[in-house]
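So the structure is just underneath, and the comments pick up after that.
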């Protein structure tokens, strides 16, 4: 994450699962081609489905594993005296969850990085003795499914030797058949090169991008780490988080939600509440999220905010605001003789009628909010529509 944001020794990033890659659920293509160390060859690895990302090292340089080039500044030598990267990876893989590692290329205070910076980045003392040895060590030791690179913005990718590392990663590393990466490999790369694009922190495109992407945001709006002085006004609400998730999925992206544990690894209650709330919503509406794809239209621009996803022939309309008269007007779906509409979490078909001008009118259930399957972002499943 960018300067000015509080760093954290332990930063946990959770993906709440988004749209399936248009090229498959998880890539396994390393054996089918050879990659050369240039962006034309390296671009285009698709984004996976469900994953957790742990900060292996943030910009201050402290590593959450016993890095051989970070003596006495790692979680084995200091603090918990544990290999946190290794322990979390073992726990996640027992549950069949893909494991990603966040890694900062730069270190704010490392003397070799400061020396390279003083030399106008015409020398690479820091890269050859610190950054690259750590990246190779992380891959060979923990075999991550995803590498979330950061800290690239002060230098071009040629300083970081990014393309050489990625060519090795895709061709010869122990994870060559499935690993994917983001776009932060040099100041010239963001939103242009990489397996998937982050573009910038909290990025949300206005229309469907042509390249796989991910929105990375945080429950605490003011920090990526844990703050003892945070207040409720700075905490994203359940509605805000779910709205972002829905919009990201509709636009073909993944949603990476950050929480900052305390220094001893505790996830504080307010973060637990937000994660559990989203999980509860997904338990009802996950059918419209998991393995979904963008529909031909992403949203209806009418008085009720509606976002669409699809899965095979089925279309899902997720409404973020309940219409006052209880009748939902959708302009985009084209009905057929076999059209049926249900609300996920409720039994029975909903009544609908064609709109004389365009689209259709749907009579929503006349129930109190407490009787509806979710209290926000209700999902309609439409079958037999075009």
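We number each residue from 1, going along the chain as drawn.
For all residues, glycine too, the Cβ spot is worked out from N, Cα and C.
Note that TrEMBL annotation is computational and uncurated.
Straight from TrEMBL, the features:
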type: SIGNAL; residues: 1-21; note: signal peptide
type: DOMAIN; residues: 50-287; note: domain 'Glycoside hydrolase family 29 N-terminal'
type: SITE; residues: 216; note: site 'May be important for catalysis'
type: DOMAIN; residues: 298-383; note: domain 'Alpha-L-fucosidase C-terminal'
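Mean pLDDT for the domain 'Glycoside hydrolase family 29 N-terminal' (50-287) in this predicted model: 95.
Summarised by DSSP class, the composition of the domain 'Alpha-L-fucosidase C-terminal' (298-383) is 3 helix, 42 strand, 41 coil.
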